[in-house]
Amino acid sequence: MEASRPIRVRFAPSPTGPLHLGNARAALFNWLFAKHEGGKFLLRIEDTDKERSKKEFEKDILDGLAWLGLKPDEKPVRQSERLEIYAENLEKLLNEKKAYWCFCKPEELEMERQSQLSLGYAPKYGGRCRNISKEEADERIKKGEKGVIRIVMPEKRVSFHDGVKGKIEFDMALVGDVIIAKGLREPLYNFAAAVDDVFMNISHVIRGEDHVSNTPKQIVIQEALGLAGPRFAHLPLILGKGRRKLSKRKLETSLNDYRKEGYLAEAMLNFLVLLGWHPKEDRETINREDMVKEFTLERVQKGGAVFSEEKLGWLNSRYLKQLKPEEIIGKLKPFVPGSWIAKKKMFLKAVETERERMKTFRDFRGLAAFFFELPEYEAKLLIWKETPSEKISDNLKKVRDIVKAGKGDYNNEILALAEREGRGEVLWPLRAALSGQTASPGPLEILDVLGKTESLKRINWAIKKLES
């Protein structure tokens, strides 16, 4: 590839499932590479699998990219709209005897495979149909016989420089004549991708490590067509804890699931970029502008990247804390009842109080429910250690009197009471009375959010529980 070739990269998902984290990372790395190099980021929908490709999955992919702010620079390309291009290029290979129709039955192929395995050889197609003339093949297809198209695989070594892994080499003599299409208008993945990468003028193919074995096949297809292909870079696998294989459940968790849980797009971008790449000084948080400025393939690691949901939660909480309360309120609307939002003053105070404990927006509902709904709890929750219930009740009555007499700022008087009677003996039952929880913001913060009337109601209810 010439050094002056314009930078054009593509993200090429298949709409046979929702956009998951592995694909989202590939999209981000392609987008960052394009922006850093002043190039273009393209989207190609690989929808040739008619049975499994669904419009709802395509929408999920488009929505996910939009949420992350990864906007393609040109109109999306759909492989289902390019079948004529594939047919023309398949015909070219057939006419030039660089590909051929294969009519072998599945049982014949299985027998060949088992025979090779029994002799200790790696299974590959032996080329039984390679010498069938095009005329005979066309006649058999015309009569309705089922066949597939195989490429004539050159018995040579194919090597390429991987932008992440360095030089990679394959012995194609071990591969055999692979199937590239089920028919002239039914290309398989490797053929359609190889053709599209050339016709879309893609300069760099940046994708997951699981595609390394596809690369030499695509290079052979491009060479057979007499076309100059792109450069390649393969991203490291995403691993689970202990560098073990990531579970299927985590691997297939869609980006949209994380959005529905209340993660911020900025935090997700930060999380994804650190799955296999590191910025200067190895810092943990990095904004989009700095990502674009610093991104290079040289900084992509060769070894697997470890997925940590805890780290994602930590990053999200960091970004969440940077938002103004008003911004948080706007983003919280899908996650809480409208009746909460209607209590504007209390809602704003609850957000300000709980933002330190939130990791995602969905967390807020569980954390803050006690502000808006009277909590259910047993009387024993009000007891601090071995303190008698009469003493706890007496302390709550003293707090009640302070709140009743006060005009909004009760902190100093309640803290003075706590110093006299014991912090645990005063503040613990007050927290329990107001929140019904063992872990919550401090009782004085809760008092401020609930206000005088609601706080007195809850303190009185707690006293009744202790005395009944």
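Using the three backbone atoms N, Cα and C, a Cβ is placed for every residue, glycine included.
These come from TrEMBL:
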BINDING   Lys248  ATP binding site
DOMAIN    7-314  domain 'Glutamyl/glutaminyl-tRNA synthetase class Ib catalytic'
DOMAIN    329-463  domain 'Aminoacyl-tRNA synthetase class I anticodon-binding'
MOTIF     13-23  motif ''HIGH' region'
MOTIF     245-249  motif ''KMSKS' region'
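If you look at the motif ''HIGH' region' (13-23), the same-chain residues 6 or more away from its ends with a CB under 8 A from one of its CBs are 45-47, 49, 52-55, 57-58, 60-61, 64-65, 208, 238, 251-258, 272, 275, 307. Residue counts for the domain 'Aminoacyl-tRNA synthetase class I anticodon-binding' (329-463) under DSSP (helix as H, G, I; strand as E, B; rest coil) come to 101 helix, 0 strand, 34 coil. Taken residue by residue, the motif ''HIGH' region' (13-23) breaks down under DSSP into 3 helix, 1 strand, 7 coil. When pLDDT values are averaged over the motif ''KMSKS' region' (245-249), the model yields 66.
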